[in-house]
Amino acid sequence: MTKLLVGLGNPGDKYFETKHNVGFMLIDQLAKKQNVTFTHDKIFQADLASFFLNGEKIYLVKPTTFMNESGKAVHALLTYYGLDIDDLLIIYDDLDMEVGKIRLRAKGSAGGHNGIKSIIQHIGTHVFNRVKIGIGRPKNGMSVVHHVLSKFDRDDYIGILQSVDKVDDSVNYYLQEKNFEKTMQRYNG
């Protein structure tokens, strides 16, 4: 079996550790813990790393298409490797959730998230496993675009690092148990 773990974000130093890139942050943490490095794949339009866990190949993916076109990379990888939607896990930011909160879901709408909207359009379904990490709503009249492309303030950054650790735990639990429903029961709350 093979699993595709995709963190959403925007490529480039300009977007490093911005709110919209918490998916990349989590994928980077998983790569670091597994001691694997990313290589850029032009065909898939993604940075890829892989490792084996309990005989299962795990791909860590950071699309390099920019957020709004993330579905291109996801669809290409699913198709090339002949994977089912059940083999996919998407990790991304959610501005409708409090900073640092996490929520695991097996389906749902895009909720205004353009990366998720792109994935739904490209793979043809809204039924896929996902982990949402809260980044909070904009404050003091700040636009949504400015909010998601800005860095976390100090206190929020500490909370985000803690939530990334919790998501890391949940993803590892999911990979061990091979049961997303059980993972949701354990980590949602």
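Note: Cβ is positioned from N, Cα and C throughout, glycine not excepted.
Cross-referencing Y15, Y81, Y157, Y173 with the tRNA binding residues that Swiss-Prot gives (F66, N68, N114) picks out Y15. Here the binding residues for tRNA are Y15, F66, N68, N114. Their largest Cα to Cα distance works out to 16 Å. Within 8 Å of the centroid of the Cβ atoms of Y15, F66, N68, N114, where the record puts tRNA, the same chain has further Cβ atoms from N10, H20, T65, M67, E69, S70, G115. Using CA atoms as reference points, the recorded positions N10, H20, D93 were checked against F66 (tRNA binding site), and the closest is N10.
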